[in-house]
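**Student:** Here Swiss-Prot flags 898, 941 as active site, drawing on sequence analysis. Per Swiss-Prot, ATP binding site is recorded for 564, 565, 566, 567, 568, 569, 570, 571, and the stated evidence type is sequence analysis. Residues or ranges marked as compositional bias 'Basic residues' by Swiss-Prot: 239-250. What Swiss-Prot records for 285-297 is compositional bias 'Basic and acidic residues'. Feature annotation from Swiss-Prot assigns domain 'Lon N-terminal' to 94-411. For 800-992, the entry in Swiss-Prot reads domain 'Lon proteolytic', with the evidence type sequence analysis. According to Swiss-Prot, the feature region 'Disordered' maps to 219-305, 999-1024. The feature transit peptide is assigned by Swiss-Prot to 1-56, with sequence analysis given as support.
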């Protein structure tokens, strides 16, 4: 509490002495007003807009006669401490002050802030009227609102408190309130505040004292009218005034009278800020009245006031002090509470300070169980309802028990807090100790020469990494320059980290480190055969590479490109090659890549810059001659960040990759010993310069015999191992595999075949676990129970080929396929011949054909007309009739020139009315003069013909060499004819065919069509 002192000037003492104590004349009201204003003016803070008011009496100070202001210590034994204001025993009407979290207990103080304007105005008026009393009650809900609209929102029992100090901050009031006793709400009071009256001021002049005073006009009085009458000594109503002997205070009677005059006057506070002390008892409120009904009869007010009327002032009554006896139970509870308080203070020093603030001098807590209960409740942080229960409890033993319960909870909380604090402190202490020891160890090592500075250690580490490597001289020069630069940089700078990362990459590369290759042909052959079936071309090329390396005595790099349909083993054969050559394997895909920096790296100036994939490969494999697989090279992208396919030109050029320059390293790196293998499905999308740098090796699709062998040797054992089955659980017959390949897995690769085999084995494993049996044979009869309905029913749409229909052969990225060319005569109604598309001899084409195939159809029509004219001059069918040409399936895009001879044959068959041989299929491009030109995909087309059950093939004569390279298990049983002109094709296709009587025969109904699953495929079938 702050101590304030009001010094009264000697002149005022003289005035008080001559005017009051000598009884020369009654003191004038103007002089009283002057004394009052003078004392208040001395109390104001310099320039502060705060109103601080305290309500104390005072005791005489013998030193200088000043009035001493001090904190309320609630003790009368020390004469040097100020005495407290005498609090009235009964105060029926008090402003209601609602508390949120915990109640205020008697004899304890609390700082309260109020921001509601209505409550602030009420408290200001009460303080100005010297009525600094409030009723403090706990709210039932934890709301933020300060203004109560219903008495049911607060608990009925609270405390009567005195505003000991008040600070007016403008937007809120900050008060120090001290509780005195328990009170109970009996009703609500509505306050009527009259409006302020205008005050007329007048000036009084006292020449004797050289004083001019501004006072209200009604206060200007004379001895007869306005002066306050002084009662005689004999008047019984006159209140006796306490006198202090002169010998005790050492002051003059006049000084004491002046001080007492200032003390006893009822001073009203100024309108602004100020500090007022008064020892006189405040008068009972006169401006308040209880709300009465309109009839004029007074009636009690209910506890619940209307919600529209805010509860500002309540009518209260004192709660009687409970009577108790000092029983053994009370003594035991008291001692236990004191012991618990002692334990809490011992564990948490913060409670010691709180307790010292709560306790008063010379106050024995042990002697007062009521105060002890309130003390324990104030120290604890219990729930508001629990604290309110202690406040309302009237039975002292029960109140002690409740307070003890809260203190025990607080003690346990303090123990837990102490435990957590010890653990955290111990952890921090260990970390700090470890840090100090590490720093000391660094200093000791540095002094002994065991450890060098960080920069020196970094340099030694890099030189140690280059110890067993053959670093080129140009590279070593760059490393030395960077190490020198590193020594001059601050370790916390960004350039230091950039240089350090750069040195990390330079020293991590395998300069001159080469792995020992396997140059044994037998071992390499065994490794390749163990992993893959067939692929003789690839295996032969790898063995040639080993043979050349063996003769030269050194290894070299090569650039190979495996292209073929998906699932034929392009990626897996690369792993086998790496194992056969004893080289490290590294794979990265360039499918969809659009950033050149992925291959050649980023510039070091960029944040997070890294080298390209090839430098990362060398760092990971730690050798200069790994096998690098560049997957999906035909699907490489192109964007605004550059063209990665152009960046591959330097990488895949044997003449340039010996000095490959990465953007990040910016030093030449030798990649000439790296074996590059690229994979692609088609080579048409690969740029010509890049394709020219690679050695292309075609990987064709598998025929049924190859698929069966792969399934028996590789797929089934691996799938059974993965599912935990053995041969005693499952047996897949040869018929089941044939049906699986023919009806479910017709693609060129074996990836789909692997999925179906795994599906069958998983279902068998499920049945084994369910104990439905121990052995499950899989054959053609029960295969549908494992895989469902067949996807492909037949490759042939017609059992007997009708007139105008011929089977052709196509090649796709998925392998070979057979398809039909259908032609038919269009019947044009009258009136439609004016359409240019329906002129005589027109050709209507459908089937989702590309431009190349449409041009091929027009060429075929011209060749067919010329050939038919030479064969049957009188046959004008192709010149006069409207022809419709269709290539199923309509949803599948088709393009390419290789269907030329097939379209001519279909048109000739339609014009002559002769069907072709039933077991024939053909492919070949035709020129305008009827010459048959070579096509590609002979192996795939031959496989498709065998799959469709065709026995006779017509191929261009220039493709004879391609057919002769095919394995015998593909060509066995086939009747193959090689045509030079279309006349050769006609002789083979219409051999031993009897002419029909009609010149135009409509198509027969197809025997079987592909199922919906096969028809849903949308791959492009280019006739190459």
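For all residues, glycine too, the Cβ spot is worked out from N, Cα and C.
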**Student:** Per-residue pLDDT averaged over the domain 'Lon N-terminal' (94-411) comes to what?
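**Tutor:** Averaged over the domain 'Lon N-terminal' (94-411), the predicted model reaches a pLDDT of 69.
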**Student:** A 10 Å Cβ contact count, applied to the recorded positions 570, 941: which residue has the minimum?
**Tutor:** 570
**Student:** Look up residue 941 (active site) in the DSSP assignment and report helix, strand or coil.
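**Tutor:** Residue 941 (active site) sits in a helix per DSSP.
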**Student:** In whole Å, how far is residue 898 (active site) from residue 566 (ATP binding site) when you measure between their Cα atoms?
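**Tutor:** That comes out at 23 Å between the alpha carbons.
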**Student:** Between the Cα atoms of residue 569 (ATP binding site) and residue 941 (active site), find the distance and write it as a whole number of Å.
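**Tutor:** Here the two Cα atoms lie 20 Å apart.
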**Student:** I'm trying to understand the geometry here, so how far is the Cα atom of residue 565 (ATP binding site) from the Cα atom of residue 898 (active site), in Å to the nearest whole number?
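**Tutor:** Spelling it out, the Cα of residue 565 (ATP binding site) and the Cα of residue 898 (active site) are 19 Å apart.
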**Student:** What's the most sparsely packed of the binding-site residues 564, 566, 569, counting other C-beta atoms within 10 A?
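**Tutor:** Minimum Cβ neighbour count within 10 Å, taken over the binding-site residues 564, 566, 569, occurs at 566.
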**Student:** Do me a favour and check the Cα-Cα span between residue 568 (ATP binding site) and residue 941 (active site); whole Å is fine.
**Tutor:** 16
**Student:** In the structure shown, with every protein chain counted, which of the binding-site residues 565, 567 has the densest set of Cβ atoms within 10 angstroms of its Cβ?
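**Tutor:** Ranked by Cβ atoms within 10 Å, first place goes to 565.
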**Student:** What number of additional C-beta atoms lies within 10 angstroms of the C-beta atom of residue 568 (ATP binding site)?
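**Tutor:** Here the count is 26.
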